[in-house]
Amino acid sequence: MTRNGKQMEMNKNSSHHPRKRFYRARAHSNPLSDSHFPIPISPSEVDYSHHYPYFYPDGWNSNVNSNDGTASKIQFADIGCGFGGLLVSLSQLFPDTLMIGMELRDKVSEYVKERILALRMSIPGQYENISVVRTNSMKYLPNYFTKKQLTKMFFLFPDPHFKEKNHRRRVISPHLLDEYAYTLQTGGIIYTITDVEELGDWMRSCLEEHPLFQAVPEHELEADPVVKLLSGATEEGQKVARNEGQTFQAIYRRIELED
Amino acid sequence: MSEKEITERIMEDDEIHKKGGEVSPALISIHPLEESIAVAIGSELRVFDLVGTKPVVLHDHAGGPSHSDSIRSICFGAKGTLFASAGDDKLVKIWKVDSWKCIRTVSSEKRVTAVSISHDGLFVCLADKFGVVWVVDLNSQGENQCPVDKSASPLLGHYCSIITSLEFSPDGRFIVSADRDFKIRITVFPKKPLKGAHEIQSFCLGHTDFVSCLAFAFSTDDSSQGFLLSGGGDSTVRLWDYLSGSLLDTCDIGSKLACNGDKSKVKEDGCSVVTDLCVCHNGSLVSVSVQSFHGVILLNCNLIAKTLSFSMAIPIVGNFIPTSMATGNNSDHLWMVMGASGLPSADPNVMYPVRVKVIAGLKKFHSDIEVQNLSILKDDDIPGSKDSLMVLQGSLDVEKDEDSLVHTAEALKTAMRNLLIKRQYSVEKREVRKKSRNDRKLKRKVV
């Protein structure tokens, strides 16, 4: 059995928290390459009862059948959730909101999965509203979420992809913002933060120029408890803080097109 | 297997893929009022004037460079005043239909996979191999500016996926793009498209393999917006309410063919890929071409009940598997073409075999009555008679080509599979591939 296997075995037997050293992964993954992991055909095909057993005690089908529009749906998505720091903090802040992390790197998403399971075991009744999927959200977001489903999307410390030739790998781009606007409710908010100034400028200008997004005014940001988590909650953010680095935020609201 | 053997095999595979990728199917498109008909084979455009029953001479000298590689997409504008052609040479040529003069040549950064003209004739949209749809404003420039203009602006993007088909909705409000990642995207076509199309109306999700073709079923008698039809690598044709993205009905062509006793023709390797769709008879009849079926399949499309059902399979003799189909507005005729360019074994001095056939009787078609109404026209009875065939096929001597058509069909199958289906590698092959990755090679050279 591999080391990783051993670690997973351990996790099953107890509520030990997974350790990152057993989930070492490359720092980056190519979002352009063909994906060989399973992808749901459409959002209705995703069985979320596996992800949120507490919210779907009777399984997925029964919930769908009795669906009168009140069934809980995922409202927050953390795109490129990394090791899941933000999800864990948000879970406490919005205990009744379903949220999901999306991560392309296999081992990292595996870590987050184990981490959430361990948290649920150690504090029963909590952390039931967070989960993770391994997917390429740049390609398959519409396969997971319906139109105007989400209220918040997070893009925290994404890969900077400095070279111009690689700009199309950036997770914030004019074309991808169209898809994010499709998945966000009117009034929904997109949060971005980075420690790379160049990328910060890029994300801000993409959002600024997009007709379906509008900057959230300063006073609202001050009142928003989520904003405080952006720099502090994630592993990447803590690393930046340790090195006393600067961060650059761009927080925009989904608006309707004016005629 | 030793590593060396695996590497060799990988290189062989890649070689085959490269060869297969250059094969490109013959295309056909007809003027909405059946005034002229065009066939594209390789880099060649063949147009016949059906009104004057004479070949059309294309005037290309004023419009920049000519096509030099396979044409992948051709279309007439809805009003029949414009025609566009585009393909692997990264050129989009826009032609005025009255004079058949090329009025504009737009160059793209990437190979062009699909082209479409907006209903008002003001914009041409093109999709490239990297999943970006571009828009060209036809009013923005005079005819005699620089010969190659790069004036296309980005409209929308499918993230790094090959776009296989691009269509405007019948009312012109939406642009629909289909890709090899099973997706169909419906986007509002904005008033100022040069600023991008940002508002996504819906995604039509349901295909379990690449989407290969799109068509709209609508009746000209009523004002409803109509429905979207799509065909794909999963051998289904699907009917969509494209405003909401909901799937209304699915017709599994693969299983229908198997039931109809054509099992011998439908091979096990999943080759009943739907390659083209053509909507006839005021939206009530859909003809479908399938990669392994010699002939066409007709489906009934009920726009009121919103259903799609198998009507009949029309076999055609002579190894004829249409690569592309076309019909005019409410026309009686369905035009079909079969052919391919870039065949690996073909003699470059010999013309690629192209075969054109026509089915007549669409107007009188009724699903209750027997096949008699429909007939496959003999070569002499085809509109424009042998003159049109001479132009479109390039030759009338087609009997000897029938064997090579078998070859064509096989080559097209391989090419389409290579282009649109994700390659699956065994674990060991993947490891070897990782070792021979380009970026590493570069590093070694630098050292």
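Backbone N, Cα and C atoms are what each Cβ position is placed from, and that goes for glycine too.
Whatever TrEMBL says is automated annotation, not expert-curated.
According to TrEMBL, the features are:
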ACT_SITE  A:Asp159  active site
BINDING   A:Gly80, A:Glu103, A:Leu104, A:Asn136, A:Ser137, A:Leu156, A:Thr234, A:Glu235, A:Glu236  S-adenosyl-L-methionine binding site
For A:Thr234 (S-adenosyl-L-methionine binding site): intrachain residues, at least 6 apart, with Cβ closer than 8 Å: A:Gly82, A:Phe83, A:Gly85, A:Leu86, A:Leu156, A:Phe157
Around the Cβ of A:Gly80 (S-adenosyl-L-methionine binding site), the count of other Cβ atoms that are within 10 Å: 22
Residue pair the residue listed as 'active site', A:Gly80 (S-adenosyl-L-methionine binding site) - Cα distance, angstrom, rounded: 9
Densest Cβ neighbourhood among A:Asp159, A:Glu236 (recorded positions), 10 Å radius: A:Glu236
A:Asp159 (active site) - helix vs strand vs coil (DSSP): coil
All-chain count of other Cβ atoms within 10 Å of A:Leu104 (S-adenosyl-L-methionine binding site): 23
Maximal Cα-Cα distance (Å) across residues annotated as binding S-adenosyl-L-methionine, namely A:Gly80, A:Glu103, A:Leu104, A:Asn136, A:Ser137, A:Leu156, A:Thr234, A:Glu235, A:Glu236: 21
